[in-house]
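Copying in the features that TrEMBL gives for the protein in this structure:
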| type | residues | note |
| --- | --- | --- |
| REPEAT | 242-276 | repeat 'PPR' |
| REPEAT | 315-350 | repeat 'PPR' |
| REPEAT | 351-385 | repeat 'PPR' |
| REPEAT | 456-490 | repeat 'PPR' |
| REPEAT | 491-525 | repeat 'PPR' |
| REPEAT | 526-560 | repeat 'PPR' |
| REPEAT | 561-595 | repeat 'PPR' |
| REPEAT | 596-630 | repeat 'PPR' |
| REPEAT | 631-665 | repeat 'PPR' |
Amino acid sequence: MFQSINFILVLYKRIPSLMLQRKGFCCHLQSEFRLPLPPVPLFLPPPPPSSSFEEVIAEAIIINLRQHRWKNLDRLFPAITDNLACHIFIRFRQSPQLVLYFFQWSNWKKRKKKLLPFCLDTHCVLIHVLMVAKMFIETLNIMKWLMIHGGVAALDLLAALGHLYDDTWCNLAVYDAMVRACTQLRAKDDAYLVIKTLRNKGIMVSIHAWNNYLNCVLMLRREDGDFWMMYKEMLMLGYVANVNTFNLAILALCREFRLFEAFSMFSQMVKGGIEPNIVTINMLVDGCCQKNDISLAFDFIKNSTLILGHKIEPNCVTCNCLINGFCKSERSALGERVLREYMNEWGVEPNVRTYATLVDGFARERKIDEALRLFNEMHDRGLASNTTVYNSIINWFFKFGHLEYAWSVLFDMIKGRVCFDHFTYSIFVDGFWRVGLVRKAFKCLQNIGEDTTIKDVAFYNVLIKHLCKNGKIKEAKKLLANLITSGLAADVITYTTLIDGCSKWNGIDDALQVYNGMVKCDVMPNIVTYNAIINGLCKGNHIEIARLVMDEMRIAGLSLDIVTYNTLVNAYCNRERLDDAFSLCLQMRGLGILENVSTYNVLMKFLCKFGSFGLAKELLMTMLSRGILPDHITYTIVITWFSRCCSPQEVIELHDMMLLKGVIPDDYTYNSIVCPLLERESKYSTSL
């Protein structure tokens, strides 16, 4: 899907293909988890000639195993072969826990004596036995061990399971477990290969296996339309969606901000006779909150009884979604009201996440006293603060310049024996840099390097961000090189930050070189990466190429966001192409992406620049009527431009109106323009 985008970028600069070469199974895990163990032999060795001696050994093992005489079994261990182990597994399949103990004991003895592990066929016999006994967790653990540590490819394991399958004592659910094991390892391509290979052999996995696969695709958060492609394929194969399938589809739609379609899917679910559960309700509530339509979320909760014919009680997750929605829209006081009133009414007990969200929300609004009050209340309720809560408070203290309070919370964290994580360190590196303590930032990074329990790219990302912000691109590139030589892998955030910095300070050529390196390292670009490239192209006056990149992204199924459109709208306005800018806004609305305050700011600035003050004011009123509140940038644009050509009275009216909408005026604009006008009006009123 990325080939078309690359082709367009080649119009400006030669760039290699973004299509990633498919690697072996779990290549992303092997470097981290691979143990220095010999590979699992694939097949059973040729059985030795049967003898009365082997039969005697088998019977002796069985008798001692039944009586749990492990010391006697120690003496018999040298005689245990793969064939003998398989015989014992099948013989004892009615006692699966005993079979598992025997397998684990044998494995421990083999490791101790540095012998080869059991072969793949022996493992597969054990898997079949455990699967029939419904010991799913143990089955999945063995499958994952084989694929990660044993060096067994997914299709080899599948072939071995199929080779040993016997209707008399095996269960087809083993193939569902195979898909589940792949998805737990986040190996979606191999999970699909398993499903496809089985289908070609006439074996259809269950809807549960498909749900596991779709969930894996969704959790990987790829923006390439894979989920919907696979979802359609599943339905075309004749599978009937169940409640979990619908929940996944609703979650996917909510993540794409397609709320109307999500409710349509819910309606289809109810009409089809499938009973929604609390997970369904929570996903739709969260979808409403993500789109800042919290009133719709409340209406949906209240009317769900009427829709379903029975009551589904909201739980803590429901309430946390509502609180998060209020806090993200800087209405934390209403979020606290959910805690005080609605959770009481619904009989729901708050948890750490409830308080963590409120603490972060109040701190975000600079209401530190309120945040600390809730932090203390959480402790009074007997809920122990975790690292996330502490990180949130420390982060906001640093952002607001309260260094001494940040240290105080840190000492409280140490006193309470709350472990630091990589975010804690990142916050301190970021905080030191913000307040100008660069040496302390690097010292903190050095301490992180010495801490062998924490190895994470996030620390480097923080420093690269600040270096790029200050135009020190050369140093940022050196830090990237250090990151790689230290054995860490740069992620999409690392490269995107560097691409954005290069495009701002060194131009698009340098940014595309970093992009080239990103692709070579098999790091998949995301929407933020492409936004940085589009921004760089626009700044370099390559608007047509930027527009082509955006169009190809849309055609390829990559979910565009408001930032993509705002970047191009701004570029068109700077080039005085108003028709193209408004055309792009219409296209954006057609795709369900709503304008934000930045979009209106760009358009109003352009209209004011060319003296269309009437249209600019009309646009401001449209913005307000759509529930979009102005910010300090809106204030500066409107007051600065209107003061040049409009009456003082009109400027003061606009100032008053924006103040009533909660805008905090820009100090310079207020002091240099509005204050003199207010003083003049005051003197005029006094003289009258």
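Note: Cβ is positioned from N, Cα and C throughout, glycine not excepted.
Automatic prediction, not curation, is the source of TrEMBL annotations.
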Which listed stretch (242-276, 456-490, 631-665) has the most C-beta pairs under 8 A with the repeat 'PPR' (561-595)?
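That would be 242-276.
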Apart from its near flanks, which chain residues at least 6 from the ends of the repeat 'PPR' (315-350) lie with a Cβ under 8 angstroms of it?
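Cβ under 8 Å, 6 or more out: 278, 281-282, 285-286, 288-290, 292, 294, 297-298, 301, 357-358, 360-362, 364-365, 367, 370, 374, 381, 383.
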What mean pLDDT does the predicted model reach across the repeat 'PPR' (351-385)?
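Taking every residue of the repeat 'PPR' (351-385) together, the mean pLDDT is 89.
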